[in-house]
Amino acid sequence: MNLEELVLKYALANAVKYGGKADVKAVMSKIMAEVPELRPKAREVKSMVEAVVARVNSMSLEEQLRLLRERWPETLEERRVEQKRPGIENLAELPNVKGGVVVRFAPNPDFVLHLGSARPAILNYAYRLKYGGKFILRFEDTDPRTKKPLVTSEINAYETIREDLKWLGIKWDEEYIQSMRMEIYYEHIKKLLEKGAAYVDLCRPEEWRKLRNAGRACPHREQSPEENLELWDRMLEGRFKEGEAVVRIKTDLSHPDPSVRDWVAFRIIDTSKTPHPLVGDKYIVWPTYNFAVSIDDHLMGITHVLRAQEHSVNTIKQSYIFKHFGWEQPVTIHFGRLKIEGASLSKSKLKALGVRYDDISLPTLAGLRNRGILPEAIWELILTVGVKPSDSTIALSNLFALNRKRIEPIANRYMYVADPIKLVFKSDRELLAKIPLHPSFRERGERIYKFGPGTIELFVPRQDIKPGAVVRLMELANVEIIAVENGVAHGRLHSVGIDEARKVGAPIIQWVYEPIEIHVVKPVAVGKKVEEIGLGESALEKVETGAYVQFMRYGFLKKVGPSAFVYVHD
């Protein structure tokens, strides 16, 4: 392959990846990485790259794709072998699979991903792993007014979504951002206007609703292509204000669902007032969800669409675009909503809570990650629910159970007292406690405590201390509580063995000796958490940040800093 062909290959690949426009710097980087000996001739190479990129950018996206498929199909094919995940083999078979699938996950970056949005991401990627093919990440961000992409000094939803997907172990083959593809949408609506499959509607919204509900045509429906193209140009020039003109797709005016009748494909959004975070006020005429999705699904070669049941009407609307262009529509599988018992997955409600998107009390993926939920647990949950047309309601306890079985073997045991009281008692003998780091993995070691004979001072849970009662100090001894005076509990050694404790029904309680102060942050409800300060074993100082532990008789936690822990679940 000569140099010009190599440049053409990378220019086409870059253009297809980014909506039809190649970038000189990106192509140069690819060339220099593959042929480093060309670096001394970078100036001459750049001139060639600029010329080829200009030629490629003058082509339509369809032409770019055709050339790439004809000459370098390997750039569009599966490029890596990935490990199958447990549970994928149990997924229901997809219809009409021909040697692989091309699927997409298409989030709106107006908020971060949560447990509900993890479902389409995981299911689509799981089928990509099951059959081979391609997984596309597509940001659907063409509504800068009502669903404005979330980009602030604190959060960039585009980046956060990418991070969440990487955390889930999802690797996308291609990425697209719809707001960067506006010229492509303009090109295609112009074709529909030319062939009389769409028209510019100047009716007032209330007038249109009356006509639509009556199944009658708008007076602008019969405009000639020339008239529509002129009105379209006026829309692009800013000659109309918001709400004064829209472009409609011709459908069936007698369709039983009024929303399907001549739905809006383009509308005017005054981006001088609500600028888009990526393209600012460059565009004022924006495609609706259904139009942009239809064009992209075709151009990106999507074979199967897996999405929520709530999109079933959108599938019908999009079918008209495919019919007008004579394209084959992807196979669409709808699944029910995923509901979390006692927790809302509504973006608006989560935003309204007023806490950071990655707060451990939220069911966002960032929040669950910070809380200590493992991505493998989320995968198992989603694959277990699978692709069902009916809604599924699960409790967070289901997710916690799946997470627990993964962290239980790696979480060493430690003692912690949330609301401590000092316990003082005397022993006439030496007491010995051997506490293993993990009862199932004795080889990890143990802590050995020796006390007495004499006065012994420990800290125990206040709620377990009642005068006259006997308590079993875990792995140590049985103590009878005599009195509580001035905030200190006093007792006497009752016995040592576990059998004696059972005979008197003594509860087993944790205790700490020469403790350190421990800070625990605990989620108590969606958007709410509490912080408690307790006492823990000094051995907790040696636990690495990020490690999981189990506080006995308390729950599983994740260390997030010196003496700081996050409560994961019980």
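Counting begins at 1 with the first residue displayed.
From the backbone N, Cα and C atoms, a Cβ is placed for every residue, glycine too.
Owing to the predicted nature of the structure, the values given are computational and were not obtained by experimental measurement.
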Can you check which of 107-117, 382-392, 404-414 Swiss-Prot lists as motif ''HIGH' region'?
107-117
Looking only at residues six or more beyond either end of the motif ''HIGH' region' (107-117), which have a C-beta under 8 A from one in the stretch?
139-141, 143, 147-151, 155, 157-158, 160-161, 164-165, 337-338, 340, 345, 347, 350-351, 357-358, 362-366, 368, 378, 399
Which residue counts does DSSP give the motif ''HIGH' region' (107-117) for helix, strand and coil?
3 helix, 1 strand, 7 coil
Confidence summary (mean pLDDT) of the motif ''HIGH' region' (107-117):
95
